[in-house]
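Encoded as structure tokens, the structure appears first; notes follow it.
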Amino acid sequence: APPRASNGSREGAAGTWLRTQLAPGEVITAQSGAFERDPQESSTTDEELSRAGSPVSRGGSGSTSTTPDYGEKRLPQALIIGVKKGGTRALLEAIRAHPDVRAVGTEPHFFDRNYEKGLEWYRNVMPKTLDGQITMEKTPSYFVTNEAPRRIHSMAKDTKLIVVVRNPVTRAISDYTQTLSKKPEIPTFEVLAFKNRTLGLIDASWSAIRIGIYALHLENWLQYFPLSQILFVSGERLITDPAGEMAKVQDFLGLKRIVTEKHFYFNKTKGFPCLKKPEDSSAPRCLGKSKGRTHPKIDPDVIHRLRKFYKPFNVMFYQMTGQDFQWEQEESDK
């Protein structure tokens, strides 16, 4: 098994493992600066934050049509910190159905892009809440941002953190598919995944691959937060058993289990569960057209090489979290 992380090490065991342990016949390239944040990992803009009620351009109170006129704005007590293309939007929409949760719909990107604007700016982005309600936000790029754990800890060391993880090979392809939809001219997945495909040089500096090295990023968070404050949600089970995963989320947040199987309806066309209010006879609300895109067909040899690349990191991640997400089992079933 890969070595455990050392809290005294900046790089930690996963970083060392990446640089020294190679799968048979493969070489992995990763320069010292390869794991810095990719500024293009999410697309929330100041304009979008402004529409969400942020004082970025309006300078107002930050209220929107969905924000009640009572209560007060508070800094969040819980954050969905990752991962991109893991299922964070589905989780956010589901937890917002709970009456004791108020959450920002747009990603504020405070702890990675807007930190210099200060905590009052951040507080003003939040919806108003009553006593007993939880304030939340989600920005998936936090999980891979080196400074985020320290900054969040300095805001409130008891902040609860939620990470939605997904088979990293599938996640990487989904990430590429999203980028391809915006930039059709980019090279193929196979070209981007390798420094040199003939030699098997996997490009671990490409963000689509790097994000899925979950153990590497988790080491950074464990220097500031105990595992008891971090909940890992399975992106796969969020699709196959959304009520089961939401039960864990509500327990973790100390909430009554109100979001149950009655809130979900499986849409066979999209292949995702849709959200509905149990007492509401209207059509279920599904995620937008940007979710559930058809993935391009990837060369099976590339998939095989990526599975071999991720396997030691997956094993380390299972050990670090005490949870087996069975991604290898899932792949052997195909």
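Glycine is treated like the rest: Cβ placed from N, Cα and C.
Just so you know, TrEMBL annotations never went through curation; they're auto-generated.
Positions annotated as region 'Disordered' by TrEMBL: 1-73. The domain 'Sulfotransferase' annotation in TrEMBL covers 76-311. Annotation comment: TrEMBL describes K85, G86, G87, T88, R89, R166, S174, K291, G292, R293, T294, H295 as 3'-phosphoadenylyl sulfate binding site. Look at TrEMBL and you will find K85 tagged as active site, for sulfotransferase activity. Per TrEMBL, disulfide bond is recorded for C274-C286.
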Practice prompt. To the nearest whole angstrom, state the Cα distance for the pair K85 (3'-phosphoadenylyl sulfate binding site) and C274 (disulfide bond).
Written response: 17
Item to complete: Sort out the sequence-distant neighbours of G87 (3'-phosphoadenylyl sulfate binding site) for me: same chain, 6+ apart, CB within less than 8 Å of its CB, listed by position.
Response: V164, R166, V233, G235, L238, I239
Item to complete: Determine, to the nearest whole angstrom, how far the Cα atom of C286 (disulfide bond) is from the Cα atom of T294 (3'-phosphoadenylyl sulfate binding site).
Response: 16
Practice prompt. Give the number of CB atoms, excluding that of C274 (disulfide bond) itself, located within 10 Å of its CB.
Written response: 18
Response to the item:
Within 10 Å, the Cβ with the most other Cβ atoms among the binding-site residues K85, R89 is that of K85
Discussion item. Taking every protein chain in this structure into account, which of the binding-site residues S174, T294 has the most other Cβ atoms within 10 Å of its Cβ?
Written reply: S174
Discussion item. Between the Cα atoms of T294 (3'-phosphoadenylyl sulfate binding site) and C274 (disulfide bond), what distance do you get, rounded to the nearest Å?
Written reply: 18
Item to complete: Using C-alpha atoms only, work out the spacing between S174 (3'-phosphoadenylyl sulfate binding site) and C274 (disulfide bond) and round it to an integer in Å.
Response: 19
Discussion item. To the nearest Å, how far is the Cα of R89 (3'-phosphoadenylyl sulfate binding site) from the Cα of C274 (disulfide bond)?
Written reply: 12
